[in-house]
């Protein structure tokens, strides 16, 4: 079945209507639970007085969101504004040295925020991995990088290195682990790219420029060294048409999303409710399922906005940063599931694609996914929840390949060829429905807790069977069809169907070709409209 397989318009309208009603229905349940339990004793630590003119309390359970857009908003804006100002002055006066200015400003900002001993610690890791990269042995660089990363995940190395941070302030741990973790990943990217370089070695100054670029230093995203090196050292700083308009528009969209999320936090306590297991056991199936779905959507929104703010600044510096993650609402295959596109690109380039090749061989794919999730476990920090999450996602990724291999064989291939494209799309959407909820349930483990994931699974598949299960799966099926329709329209824009060739202008029509000539005289229909019908 091609991605351009179309369904009747009325069927798509029906799917959209059902999906919108389901979203509003689930949201109404969560709103009712939030309103009736706002003064609950277990909510007091995280549900606090919100905006005065709303007269409602606000969910403040997410430390990262509150840090970025409330508690330390002024500090972050001050640091990023200073970077933009100095970068703009340098771009006008000495554009060939702008990457050096980025490094100096970033180094000073890290020094001021974390102290000179922390800068020394970061520099020692950079020098270590740079020295190893000079040997140009790929596996040695990788093993050294993973071992260095492991020192930030286990005792007594963590406590010893944490002692290099001066002072005791609220963001101490966040900035420490963020700066160190991303530094190791960037140094590994530099080392691996240096191994691939045929003539000579990169200068250590290039590594320091790459690592101390302030917008990426503490919170990411990760841009692989090969891309950063080319973009940060290009001399042509002319912008494309309407590029500044697009950057400004993206900044305004991020601001609008922040305001909308903060408003919704006054009416839907989607982060606090999952922490109260006693309350969860008394919720309806619809509220519980909606809560699980909205938690994943919110986590995507948070990642998109936080990376969007950083990406806006880096685009002002003439860089092309990793795009925000793909929305969870648009995911129904494990191969596209990620919440950090920078880490995803890093893993794909240096592990998954390097070991998996074309991802057609079952054994190679298994080895590639095991190694990829092994690095991911080390990056996130080994613990029970992370191990369970990695196991299920690794299994899901391989199971997709096994299923694709199975259904490409006979007699399944013949069955699909015999049916229409529309029917093939409907049958595939049924299988994608179960895949979608597998993705949701597996990732709830990492975002919430194991107990919450177990409760949602029991309600959806056991206690709610068959009524809740069938209704939720049907609504998810509608969502999958809406996603496929969006992908179909995008495919028609990216790769439109070829128009039929025009007849030769001087050709003499014969009696047998008269009907064909009459047909060709008619205006050619728009292929996208024809497909949509």
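Backbone N, Cα and C atoms are what each Cβ position is placed from, and that goes for glycine too.
Residues or ranges marked as compositional bias 'Pro residues' by TrEMBL: 498-508.
According to TrEMBL, the compositional bias 'Low complexity' annotation covers 509-526.
TrEMBL lists 493-533 with the feature region 'Disordered'.
Summarising the annotation, TrEMBL assigns transmembrane segment to 12-31 (among others).
The annotation transmembrane segment is assigned in TrEMBL to 75-94 (among others).
The transmembrane segment annotation in TrEMBL covers 106-131 (among others). Panel annotation: around the transmembrane segment (106-131), residues 79, 82-83, 141, 144-145, 148, 161, 164-167, 175-176, 179-180, 183-184, 187-188, 190-191, 204, 207-208, 211-214, 217 of the same chain, lying at least six beyond its termini, place a Cβ under 8 Å from a Cβ of the stretch.
Annotation source TrEMBL lists transmembrane segment at 137-154 (among others).
Per TrEMBL, transmembrane segment is recorded for 174-192 (among others).
Per TrEMBL, transmembrane segment is recorded for 212-230 (among others).
The annotation transmembrane segment is assigned in TrEMBL to 251-271 (among others).
Under the heading transmembrane segment, TrEMBL lists 291-313 (among others).
The transmembrane segment feature in TrEMBL is assigned to 429-448 (among others).
Residues or ranges marked as transmembrane segment in TrEMBL: 460-480 (among others). Taking Cβ pairs closer than 8 Å, the transmembrane segment (460-480) reaches residues 14-16, 18-19, 22, 285-286, 289, 329, 332, 429-430, 432-434, 436-437, 441 in its own chain, all 6 or more past its ends.
The transmembrane segment (251-271) makes contact with the transmembrane segment (291-313), as judged by at least three Cβ pairs under 8 Å among residues 6 or more apart in sequence.
Contact count against the transmembrane segment (174-192) (Cβ pairs under 8 Å) is highest for 212-230, out of 75-94, 212-230, 429-448. When each of 12-31, 75-94, 137-154, 429-448 is checked for Cβ pairs under 8 Å to the transmembrane segment (212-230), 75-94 comes out on top.
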